[in-house]
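A.B. asks: Quick one: structure below, then a few questions.
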Amino acid sequence: MGSIKVTVLGAGSWGTALSNLLAQKGVNTVLWGRDSAVIEEINRERENKRYLPGVKISQELIATADLEFALKDANFLVAAVPSQAFRDLLQKIKPYFKPEQILVNTAKGIEEGSLLRMSAVFTEVLPEYRDNYTILSGPSHAEEVGRGIPTAIVVSGYSPEKLYKVQELFSTEYFRVYTNDDLTGVELGGSLKNIIAIASGICTGLGLGDNTRAALVTRGLIEITRLGIKLGAKKETFMGLSGLGDLFVTAGSRHSRNYKAGILIGEGKSLEETQKEINMVVEGIRTTRAAYQLAQRLEVEMPITEALYKVLFAGLPPREGLFGLMTRAKKEELNF
């Protein structure tokens, strides 16, 4: 695949893991990042010690802080930045974007303020290239992908032809890519599971048991699906890799920043202390605010999201927020 060039934008853990996967596959791959110290370390030591320690980086991967150089002649652009930085990245690449390029987004979130999904943000910034947008989503910790551990994910977007191209690009013997045409469902599943992962971590931080976490995660999937259906998603998408799969891997894993953040909050740390200790972006924190506002606007019942919003932003004690869920009005289980 040497005739294809891929530029990965963002030298964090996920951008590093994906660019390394492609370089190992023989794809001409450039990794761009803003932090020149990280870029220099990757080129010098073949390791990203800050964001993906312990993973040896292919000698074929080129890392650079020069955006124009990185974008030159690229067939695929992989956006590996946090969701709240996605619009700014698009503005940066807009002057260089070409009609034949495919953008592969990996950010899982809802933009604060606008309450837009990443596909809608892309369409606002680059309206003439709407069909060039795709997203990779699913249960995929960068730490495990970097070590070659078998992983399965989903690609979604507007153009079936482009989905197949992305599927072919990323598929390896340990990285399996499925296509899914439900873009709304795939994006929402990946975004909203981070909220439930924080809440799951709070259960652990409070010293509660498996029963509590199982109930919370299962009911969390119900409210994620409820909002998705309201926005036009297919119910079955939330039973797949970008829904249940991503929720499963995020709501209880030592690799999950959102779960770890929840543990710290449950143990009594403030939001500011938690973010400082994690020292990387915790997508679910800002997604909680956006999802809460979206649910209020659409009149969708999301009790776990509402409780977490009050814990994070309105001073509600975590234990009080959790036990408040137990005393809500009685109802049927599968009430979408």
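Including glycine, each Cβ sits where the backbone N, Cα and C put it.
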A.B. asks: If I go by Swiss-Prot, which of K98, K108, K165 binds sn-glycerol 3-phosphate at the same site as G138, S140, K193, D246, S256, R257, N258?
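C.D. replies: For sn-glycerol 3-phosphate, Swiss-Prot names G138, S140, K193, D246, S256, R257, N258; of K98, K108, K165, the listed one is K108.
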A.B. asks: Record says S13, W14, R34, K108, R257, V281, E283 bind NADPH. Source is Swiss-Prot. Which of A70, A74, A142, A215 does it list for that same site?
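C.D. replies: Only hit among A70, A74, A142, A215 in Swiss-Prot's NADPH site, alongside S13, W14, R34, K108, R257, V281, E283: A142.
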A.B. asks: Give me the count of other Cβ atoms within 10 A of the Cβ belonging to K108 (NADPH binding site).
C.D. replies: 29
A.B. asks: Report, in whole Å, the straight Cα-to-Cα distance of N258 (sn-glycerol 3-phosphate binding site) from W14 (NADPH binding site).
C.D. replies: 15
A.B. asks: Any same-chain residues 6+ apart from E283 (NADPH binding site) with CB under 8 Å of its CB? Would you list them in sequence order, or say none?
C.D. replies: P82, S83, A107, K108, G109, S191, N194, R257, N258
A.B. asks: What's the CA-CA gap between A142 (NADPH binding site) and S256 (sn-glycerol 3-phosphate binding site) in angstrom, rounded?
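C.D. replies: About 10 Å separate the Cα atoms of these two residues.
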A.B. asks: Need the DSSP three-state call for K108 (NADPH binding site) to compare against my parser.
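C.D. replies: Assignment for K108 (NADPH binding site) reads coil.
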A.B. asks: What whole-number Å value do you get for the CA-CA distance of K193 (sn-glycerol 3-phosphate binding site) and V281 (NADPH binding site)?
C.D. replies: 15
A.B. asks: Which one, from the binding-site residues R34, K193, R257, has the smallest tally of other C-beta atoms lying within 10 Å of its C-beta?
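C.D. replies: Fewest other Cβ atoms within 10 Å, among the binding-site residues R34, K193, R257, is found for R34.
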